[in-house]
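Asker: This is the structure I want to talk about, given as structure tokens.
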Amino acid sequence: MSATSGSRSASPLTRGFSSGSLRAVTAPILLGVVVLLLWQVAVVLLDIKPFVLPSPVNIGTQFASSFDSVWAGTVVTGTNAFVGLLLGAVTGILAAIAAALVRVFDELSVPIVTAAAVIPIVALAPVLYTMFGANVETARQLVAALAVFIPVYLNTLKGLRQVRPVHRDLMRAYAASPWQATRTVTLPGAMPFLFTGLRIASSLAVISALIAEYFGGPVGGLGKSITSAAASSNYPLAYAYVLGSILLGLVFYAVTLAFEKLASRHSSSTP
Amino acid sequence: MTAAVPSLSLRAKSTNARVRPYVFGALGLVLLALVWEAYKAVGPAEGVMIGDITVLPRTSDIAMPHLWTMWERLGEPVTSAAGSPALWFAVLQAAGFTLGIAAVGWLVGVSVGMLLAIVMQRFRTAESALLPWVVLSQTVPLIAIAPLVKRWGAQIEVGAFDWEDWMSVALIASYLAFFPVSIGALRGLGSPDKAHLELMHSYAAGWWSTLLRLRLPASVPYLLPALRLAAANAVIGTVVAEVSIGLRGGVGRMMVEFASAASGDPAKPWAPIFGAVLVGLIAAGVVIVLGLFVGRYRRGEVSA
Amino acid sequence: MNAVEVTGVSKVFRVAKGAEVVALDSVSLSVVPGEFVSLIGPSGCGKSTLLRLIADLDQPTAGEVLVFGKSARQARIDQDYGIAFQQAGLLPWRTVTGNIELPLELHGVGKAARRARAQDLLALVGLSDFADRYPDQLSGGMQQRVAIARSLAESPELLLMDEPFGALDEMTRERMQTELVRICAETGAAVVFVTHSIPEAVYLSSRVVVMSPRPGRIQEVVTVGLGSAGTRDDALREDAAFFASVKAVREALHGDAVHEKAPHSVRGVETR
């Protein structure tokens, strides 16, 4: 998902500066509050059973009362996602640098990476459980790592190839060595792309680690907890786990987004 | 040296350049297979452990069957029961089933995504209110609710219309598919040059005809990658939802079923994986073919 | 009735934090039917803004813009003018013919009539052989000719052109100017033409409006007496009268107006 927020360049001439940014904050919050209220009202008025959809208040109370077990599940799934993110990101970046430097490596990997980008990686979960053992978390971390690898690799490689001709000519005019050129122009130029890849990957890491749990493996994580709560018809608890996984996803996203903002303070061209 | 020689070698080089990606691509796949077999041959049976973490997989026939075993297994019947179809046939059937649901999910997701993008394009307030939620909805693992959607099947019933499990699966698939489309379409709809928009304005063209004649055609280059991403996402959503909702018939459920047979029949779980890979490739391929039909909308204007 | 009647028009842009930029300060200008008027001046003098007000792409902060006696907005809705920008602005997914037909299509002209009109216009701009090409298959000059053909599609009595040749190389530019003079002679349309090239303005125009920036004002209007559009050709570019007018415009632009009359030009300060 290489898409970022589709912000359009709003001319300050046509749109009031302060009123625009105010609306950017209040409008979504307002919409969120309205939807929550409507949800609550609908569940109460239409008498919707909790196994179809519990009310927000119901989920909230359940979340608070079983916070400890939700937290325990979050730690398990979060650790898997984090290990996967780290592993996938490091290998993705190294592979991208290798592909940018050595053409043969790039050519060998094109069909595999292209295919991997469109197939459901999580499908590998069952055989990974057999290969690494069904009672450890390794398989889930690997699923997350594989899912992370692809966007990081593709975006970093794109960034490494994005050297602007004027910068390349400048380096040539300075008679800079290849390594100097790489360090001063290529790598900094690739950073925004790398972080875009990481931001996409951070969400994928959590999602992959979570859904890998649906394919088997040890209990304890959020995914398994959701299924077992659903199996015992404790739907508000299941939704409390869902809420936990949503918060986990948000934390991963927010942290990588913060890193991205930090790293791209000075770059004018974000991909 | 005559002039013909360099031009000849140039032509030879261009042919070489055209064939080269395919040769190397195939080599890459062969290399992957070789790595598999080589590690299986030399790696320790219990895998490589660092502390108590297995960092490299076990190499037993159960954990890592030979590639040819996987291949041979495809030709054998699914079970030993009489009349059982060949495994490859069963997998193809399941893949077709999954592809069908993914297609429904994709269509619904694309429609919703386009609609959202058009609404957000039209009303700036809608964009400010919706866009953060659209982005947010994909950064969080809302797919976690898949097991909970199962109960909807029994509950929703409007007249003769019954909500069936496959619809829940398609719903999950469409949820994963809509996001790239809405973001891609929003970018695409906003992509026309200022000059083009002012031209339409100078023609006193309304919002609707500007949308039809300018914004939609201009969004095609943005839309195609989004549609491809949506197809891949729809397939992932379908496979995962099949597993978590427990819908029989597709490759997702087949994976979980065959995985339980892994100890006695280690090559069997690989078959539905190949099926899932196939579904993903076909889905992406269909969108690429779709893109060939709208080639003229992908022309770049060489600015004067 | 004048083709364009601008009376006491001001345009103030509000930029961030309450600061204001006066793009135009009580500007008045009349363009009679069939007349070719160029707007020239340094960047920021409001020449493009003035054109955009006439086209109703922006609205004036004060004052009135009339096009053929109607409000600018009504004139736009009635399609009384054709417009061309610095970028050709062709839709890349439409053929040359499709691009020229666009305004006709938007205003409900039948298919056969559209095709016929597009053929006529392609002949006029000398691109008949390129009817089915796509914009990316044309050179910059050809693209701009298509854009001009498109601006003529509905036979407007007024053409608004915002630096249409600004991105072309000098040779192409001179050829396009010659063609534009011929086309204007054939169609008899009034033209308001924004440019920052003095020779271009002089070669094309019957009057050159010299503007000055901060705030955007009309500094001077130089009347160029180089004969009617039909009699202008490339030889004119080397004519002494041409150079005299170029000199007059240049002096007006630089503000150090020498108070001697150029042989073939009349100078007058437009009332504000």
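Numbering starts at 1 and runs along the chain as it is shown here.
From the backbone N, Cα and C atoms, a Cβ is placed for every residue, glycine too.
Unlike curated entries, TrEMBL annotations are predicted automatically.
Below are the features I grabbed from TrEMBL:
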- B:95-291: domain 'ABC transmembrane type-1' (DOMAIN)
- B:21-39: transmembrane segment (TRANSMEM)
- B:86-118: transmembrane segment (TRANSMEM)
- B:130-149: transmembrane segment (TRANSMEM)
- B:169-190: transmembrane segment (TRANSMEM)
- B:222-245: transmembrane segment (TRANSMEM)
- B:273-294: transmembrane segment (TRANSMEM)
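Please situate the listed features within the shown structure.
Answerer: Counting only same-chain residues 6+ beyond the ends of the transmembrane segment (B:21-39), those with a CB under 8 A from a CB of the stretch are 56, 59, 64, 66-67.
Tertiary proximity for the transmembrane segment (B:130-149) is limited to same-chain residues at least six positions away from its ends with a CB under 8 Å from its CB atoms, namely 116, 119-120, 168, 171-172, 175-176, 179, 182-183, 186, 237, 240-241, 244-245.
Within the same chain, residues 101-102, 104-110, 112-114, 116-118, 120-121, 127, 131, 134-135, 137-138, 142-143, 146, 149, 211, 215-216, 218-223, 225-227, 229-231, 233-238, 240-242, 245, 247, 250 sit at least 6 positions outside the transmembrane segment (B:169-190) and bring their C-beta atoms closer than 8 Å to a C-beta of that stretch.
A Cβ distance under 8 Å defines the sequence-distant neighbours of the transmembrane segment (B:222-245), meaning residues of its chain 6+ beyond its ends; these are 98-99, 101-103, 105-106, 109-110, 113, 143, 146-147, 149-150, 165, 168-170, 172-181, 183-185, 187-188, 191, 251-253, 255-256, 276, 279-280, 283-284, 286-288, 290-291, 294, 298.
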Asker: Would you kindly list the residues that approach the transmembrane segment (B:86-118) from elsewhere in its chain, counting only those six or more residues past its ends and only Cβ-Cβ distances under 8 Å?
Answerer: 73-78, 130, 134, 166, 169-186, 188-189, 211, 226-227, 230-231, 233-235, 237-239, 242, 249-254, 268, 271-272, 274-276, 278-279, 282-283
